[in-house]
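Here's the structure, in structure tokens; my notes come after.
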Amino acid sequence: MVHVRYGGQNGEQYELAISENHIVVRTESRSSLISDRPFEAAPVSSQARNILNQFELSTRFSQAGVEVLHVKEPSQDGALRDTAREILNQEPEVQFAGRVLIDPVSQQPIVYTENLFVKFGHEEDVSFCQEILGRYGLTIKRQLEYARNAYFVSAPPNTGLAIFDIAERLLNEESVELCHPELVREFRQRQAFSQQWHLKETTIGGKTIKAHANVEAAWKLSDGTGTIIAIIDDGVDVDHEEFRSSGKIVAPRDVTRKTNFPTPGNRDNHGTACAGVACGNGNFGASGVAPGAKLMPIRFVSALGSQDEADSFVWAAQNGADVISCSWGPPDGTWWDDKDPLHKQKVPLPDSTRLAMDYAINKGRNGKGCVILFAAGNGNESVDNDGYASYEKVIAVAACNDFGTRSAYSDFGQAVWCAFPSNNGNPSQTPGIWTADRSGVVGYNSGSTNLGDQAGNYTNSFGGTSSACPGAAGVAALILSRNPNLRWDEVRDIIKRSCDRIDPVGGNYNAEGRSPFYGYGRINALKAVELALPAQPEPVSIFTAVQDVPINDLQTSQLSLAIANTNPIKSIKVTVDIEHTYIGDLIVSLNPPGECGVLPIILHDRKGGGADDIKQTYDEVSTPGLTALKGKIPQGTWTLEVADKAQADTGKIRSLTIELGF
């Protein structure tokens, strides 16, 4: 077993086994060693070919030129694996042949590279960081711009499994906050099975479909104009007639090839369909949910967990994306097979990707934050095992069908935030979602009216949570087009409040109105757009206390202010200005007057690691605990309490401001 730890020295540790029956290989020409067409296979000796005949292809990472091979007749001792490695490493055409890790639950292969993600504390200077990396023999490939003192580094060739020991030793360095090897897994898009009933009430084949998201009605108020939706996927046919309008395409990028041309590969149909669902113009054959939005196509076909993955979010944020749609994630289990081990595998979110998402959320839209959505998944399994879709700062989108109930494959769990219409398989009233397809007969539709249109420019059978996610992303764009001043979490809250509670019997909604299958329900686009504009302004009073109160190690400091108003509270915002050199040491609480009968409300709970200072406004969306103060009389003494829970760093409370609406 080897171990990897995400979240720093105190983060969760994940165990990975060394496979006895897999090898990973890369050829000099990037050609495959195993092919259905022998003349296309990489040239190797007869001895190597004989050993390869005992293996079969497990998975291929095409862009890296790497493939994972599996022994046809598995053993327990790894003898054939080791013999194959020895023979193949002597072949001139073979760049390397190495061991492979497997997830002990799902038995899925995981490839480790000789690269590491390393993040030092905020206070360390560059020369010190470089000195530490040099001490471990590491070469800096890139200093990462999305997190302070973060590096993508490589170990010397043939480091092999020792890369895990290096990562653990680095984590024991006092100056290192985060460190993990670059682990890559099979990357799967969120698609399942095979006219735009999801946008409005529609009659198809004599059947009236009413299971829509009320999108067409929302267009009277907003069509997405002024917003940009980033589609991170396998590329987009940017020459498609529904994307050809002037200025439609913004900042295209291929993070895998490192070019600005996100052209799909020969079999890459997924991204074009997703883009069509989100923001197709609707001028020729299919409208997106937000037809007025601009499209930022980002092609990402590298492996799950790679540095390219993190780069996708940074590119989107730096180039003006408002909304980021991700219809991909870890491999799903077979939705109808409850014995599939993939159902139980837990795939963590790498720190490198998490920090890139945080960068988009904290820095995107001039600090208001990009809205990030993920497809919940198509395995009929728990989304909570998927570290990507279950990350607390993203919106996980489930799928509901044309009957207004759960799509059979759709993942479920506590992380599901909302649902959007998609296909179902059987039974179904429609083939699926009608959307843009790669132009001509090269996409999902080979040129048949049974599959879409005769020209092959549109498909009628897109589906899965792959389709639900960009649909919800389009609604987020409608919201921001109506009110561009909203923060990312306010958009998420509006989506929550807009949802229609479908399937009341089968939805298993709890007391808070949340379902494991639909989250808060099926998005209602019209309601969401109506909620985007604030209600009529209410009388507001602002109360401020300014005083430099020292924050000493392992002590608690307080700053108080008195409020005399006796009107019931309708809304509240709390702004704090705290200077400190390591905010991960701090717990910050607001203590209302005792007469309110409300317990202290935690505003900040040791998050942020070694970052400096807390200058932030908290409201009922970002801090739901503040809702307990609605209807209370504010008269009395309010106290900001700051508890320092670790040694070495100090600071001071500068000010406290409380804004009350009456």
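Each Cβ is built from the backbone N, Cα and C atoms, and glycine gets one as well.
Going by Swiss-Prot, these are the annotated features:
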- ASP233: active site, charge relay system (ACT_SITE)
- HIS270: active site, charge relay system (ACT_SITE)
- SER466: active site, charge relay system (ACT_SITE)
- 196-529: domain 'Peptidase S8' (DOMAIN)
- 535-662: domain 'P/Homo B' (DOMAIN)
State the Cα to Cα distance, in Å, between HIS270 (active site, charge relay system) and ASP233 (active site, charge relay system), rounded to an integer.
7
Using a 10 Å radius around its CB, how many other CB atoms surround SER466 (active site, charge relay system)?
31
Tell me the Cβ neighbour count for ASP233 (active site, charge relay system), meaning other Cβ atoms within 10 Å of its Cβ, over all protein chains shown.
29
Provide, as an integer number of angstrom, the distance between the C-alpha atoms of ASP233 (active site, charge relay system) and SER466 (active site, charge relay system).
10
What kind of secondary structure is SER466 (active site, charge relay system) part of, going by DSSP in three states?
helix
Using a 10 Å cut-off, grab the number of neighbouring Cβ atoms around the Cβ of HIS270 (active site, charge relay system), all chains included.
27
Quick one: DSSP breakdown of the domain 'P/Homo B' (535-662) into helix, strand and coil?
12 helix, 66 strand, 50 coil
